[in-house]
Amino acid sequence: MLFRRRSQGSLLRHTEVPAAITECFILSGYRCLGYSFSDCLFSAFQATNETGNFWTHFLAVFIFGYHCVDFFWQQDAAAGFCLPCFDPFYYPFWTYVAGVCGLLIVSSMAHLFSSMSMVIREICFCVDYGAISTYTVGSALAYFYYINPWVGSSPQLPLNAYNQLDCWFEVLYIPLCCLVALFCTLACCHTRRHWQKQCYLIRTLVFLLPFTLVSLPIFCRLLVTTSWDSTQSLATSFFRHCLWLAASAAFNITKIPERLSPGKFDIWGSSHQCFHFCAFMSILEELRMIQGEIEGLENLLRPPTFLSTFGVLLLLQGFIAFMVCWLVLHYSSKGKKLETN
């Protein structure tokens, strides 16, 4: 039954579980398939090879929430405690917060409940990839409204160049980010059945595409600026954001440290836990960058609406949910071997 707890035995080695749920260089600490909902919840407090993966992102939700509450506490104090967080000005920020919280919660839940069955495992990690893609669009919405690419730019550049770039940015930026997010979700889900030897490399490289596209406002701002004072804080936070992302990618691809000493990092200190930590640190730097831009704005060039912010995110969620359901049903019907996250 769903909530029935089994008597917990010892954890299993990689030779005692299906090859589909083993991870490279992780030799022990595996939970057996068939855990109930209650079993999975209690396993969060046991030393399994998923415990650290769960807590590194579950605790991050509260740390991220603290930084958001602290930011709005300062904004409320500056505005005379009139609750500016409900102003449409902050809609893009809230979509970003929703994307981040969704990413962290879905990631932690995927690691916690992936031992219920092979089908649920497949659903968990496909939804996880969708949450990452949703986060990239949440970031894009915040960048679109809060980061003006032309602040501090040189007046000597041709005016028609500005007009063409601004037109592209206005019309195509968000739709392209959404299309790329759907592509990334599909590609990452596809690696669970194909290219399994290179799956970690492919998944990491796939998300370079949305990172590059979403970051275009920042790249433009840094390239055309003639005033370092107007971009110093942005450049510093973005540089740190990129460093943490590069570190997370390195851990995810190389599988260090467990590659160097298989079996020693089965429970704590594995590359996936380091990947989670570095990814969250990159999010914190991105949060500081967005908050810094908000504090420097008096009004927005493009007034946000509920439909242009939350509406976009909800529509994207609908497409991702349909895609994940179709993929899971398609793969389950074929009965192919599943691959671990």
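Including glycine, each Cβ sits where the backbone N, Cα and C put it.
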Check: To which of HIS111, HIS190, HIS194 does TrEMBL also attribute binding of Zn(2+) at the site defined by HIS272, HIS276?
Finding: HIS111
Next item on the list: Determine which residues of the same chain, besides HIS111, HIS272, HIS276, have their CB within 8 A of the center of the CB atoms at the recorded Zn(2+) site, and list them by sequence.
Entry: GLU50, GLY52, ASN53, PHE54, THR56, HIS57, SER107, SER270, GLN273, PHE275
Next item on the list: Go through 54-73, 93-113, 125-148, 168-188, 200-224 and flag the stretch with the largest number of C-beta pairs under 8 Å relative to the transmembrane segment (306-329).
Entry: 125-148
Item checked: Cβ-Cβ under 8 Å with the transmembrane segment (168-188): same-chain residues at least 6 beyond its ends -> 126, 129-130, 132-134, 136-137, 140-141, 144, 149, 202-203, 206-207, 209-210, 213-214, 216-217, 302, 312, 315-316, 319-320, 323-324, 327
Notebook entry, point to check: Here are the binding-site residues: HIS111, HIS272, HIS276. Which has the lowest count of other Cβ atoms within 10 Å?
Noted result: HIS272
Item checked: DSSP-derived class (H/G/I helix, E/B strand, else coil) of HIS276 (Zn(2+) binding site) -> helix
